[in-house]
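Copied over from Swiss-Prot:
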type     : residues             : note
ACT_SITE : 177                  : active site, thioimide intermediate
ACT_SITE : 184                  : active site, proton donor
BINDING  : 79, 80, 81, 216, 217 : substrate binding site
BINDING  : 81, 82, 245, 246     : NADPH binding site
């Protein structure tokens, strides 16, 4: 199904009964065609935090929780966010014999839409704590030039030629939803092993996404691919934590080496 057929940007009725067929899969293949040769594009996970989860227990009493969805980057499909919101709303008045039964139902439905095994972890509403970013923040640097759209030629190696392993982050990631043009805000983490990158050039490159139209997952994969091709690291991780919209936040992570897979976190802006 094409993105244009999705419910994004359209007025919709919120379902009041269980409706798994509202889930809208979007194939990853088309946006990955030009990156097919790059190691790590399909390695990683998409973590979603779902803050508006509710269902009825066996006695008809509402239950609430915060959920973390784990979707493998190797899945053939991602799931469009508004359809996921509508799906969880459809469970608000549905009775389940147990919390485990609720989890199993959600995992079954999301796995069918994604085309791969999806996991759901539930947290009590007070249990999902925020973390502080680790690494070097590059936001106070001064880029040599700025561009309005993603430009991989901005990426440069440091003149020192030094070999390093470093984790950098920036809170200045901004892109637009490709359907509604609404802004998406995020913090991006880049863990890098190889010849030292020019940090100012990395910041300029991140800033160049500010008017780019792309889903969260696609932006992270483009950042990963451009750094991999232009800076040629030995190992690379790109992980973005996007702010919440409609009760959901999306956090894609791509790694060239599975030993570099981080644990999912939640930042203050989420």
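Just so you know, glycine gets a Cβ as well, placed from its N, Cα and C.
The shown structure was predicted, so the numbers you read here are calculated from the model rather than taken from an experiment.
On the structure: features taken from Swiss-Prot.
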| residue | record | Cβ neighbours (10 Å) |
| --- | --- | --- |
| 79 | substrate binding site | 23 |
| 80 | substrate binding site | 22 |
| 81 | substrate binding site | 22 |
| 82 | NADPH binding site | 22 |
| 177 | active site, thioimide intermediate | 19 |
| 184 | active site, proton donor | 22 |
| 216 | substrate binding site | 23 |
| 217 | substrate binding site | 23 |
| 245 | NADPH binding site | 17 |
| 246 | NADPH binding site | 13 |
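Largest Cα-to-Cα span within the NADPH-binding set 81, 82, 245, 246: 10 Å.
A separation of roughly 11 Å, to the nearest angstrom, links the Cα atoms of residue 217 (substrate binding site) and the residue listed as 'active site, thioimide intermediate'. Sitting within 8 Å of the Cβ centre of 79, 80, 81, 216, 217, and not among those site residues for substrate, are the Cβ atoms of 26, 46, 78, 84, 215, 250. According to its DSSP assignment, residue 217 (substrate binding site) is helical.
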